[in-house]
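Working notes, structure below.
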Amino acid sequence: MWSFIHKLGSPKWFYGISARLMPWFWVAAAVLIAVGSVWGLAFAPADYQQGNSFRIIYVHVPAAFLAQSIFVSMAVAGVVFMVWKIKVADMAAAMMAPLGAAMTFIALFSGAVWGVPTWGTWWMWDARLTSMLILLFLYLGVIALRGAFTSRDSASRAASVLAMVGVINIPIIKYSVDWWYTLHQPASFTITSRPAMPTEMWLPLLIMVLGFYSFFIALTLMRTRSEILRRESSKRWVRELAVEER
Amino acid sequence: MAFASFAEFIAMGGHATYVWAAWGVTSVLLAGCVLHARAERRQLMRSLARRERREQRLAARRGEATMESHQSGGES
């Protein structure tokens, strides 16, 4: 177990294993997102109340899921980095933050655009909307904090701590719709019960969610590989690699 | 198929602006992430290779210099 963790923590080992895993996640992401998009946009039936504007759900929900999952991943990586001093965890966390911010922005933007025809407003200081906006600021805070230090170690520690503290916002986002029921509807999907919509509506949504998760994994692997080379550029194996690849 | 024609598909039952704005922003950001990651990787590999070539050149020059100094040292 311990040797496995330390192996996983070795940048060189991670660089090798990620090269083999990454293509599968890219293929999965491309296929799932393509199938989910065509199905969701053209084949899923229109909602009997919302008409075709409900098709925004197929980008809104996956983006909102990822926005939260990426922050949790960043916090977990922060713990792994702080407790076990595993550098790869910190590199992955650093590479995740911009994608998390992008996903949060997509969730907020698509939600605002969806709100106009369904709620008659693009924004309200509803608990869910506000806590998602805070999530966006937390992401921007983590990114800014990393850039604010000249010492890499201080930057990594500060960003890890902010991620670990900021993760408290995630359960607040999740339960905001139950605690303060104002505008945003509660979750349409729970693990315990069947979704309250027909199969031909939720199946493409599930496919999109899986596609977005694959995209997140593939992109994080790819960017972490770049970050490894950047940070370990004076190591012998990286220098040999630089000669081979040219 | 939920639409009778391509024109109807584009019109989205009058909700075209909302649906295509949300989907458009999402596609642009996802594509942007991929392009950024690729450019990042390419630039990094280029700069690493450039540095490696420079170091090899320097090492080679240093090697010649020590050889010469050894030779001249031997003659005197």
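Quick reminder: no glycine exception, Cβ is built from N, Cα and C everywhere.
As written in TrEMBL, here are the features:
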| type | residues | note |
| --- | --- | --- |
| DOMAIN | A:18-184 | domain 'Cytochrome c assembly protein' |
| TRANSMEM | A:21-44 | transmembrane segment |
| TRANSMEM | A:56-84 | transmembrane segment |
| TRANSMEM | A:96-117 | transmembrane segment |
| TRANSMEM | A:129-149 | transmembrane segment |
| TRANSMEM | A:161-181 | transmembrane segment |
| TRANSMEM | A:201-221 | transmembrane segment |
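Counting Cβ pairs closer than 8 Å and at least 6 residues apart in sequence, the transmembrane segment (A:96-117) and the transmembrane segment (A:201-221) reach three or more and so form a contact. Residues of the same chain lying 6 or more positions beyond the ends of the transmembrane segment (A:129-149) and with a Cβ under 8 Å from any Cβ of it are 64, 67-68, 71, 74, 94, 97-98, 100-101, 104-105, 107-108, 111, 123, 155-156, 158-159, 162-163, 166, 169-170, 172-173, 176, 183-184. Counting residues 6+ beyond its ends, the transmembrane segment (A:201-221) has Cβ neighbours under 8 Å at 18, 21-22, 25-26, 28-29, 31-33, 35-37, 39-40, 43-45, 47, 57-59, 61-63, 65-66, 69-70, 92, 95-96, 99, 103, 188-189, 195 in the same chain.
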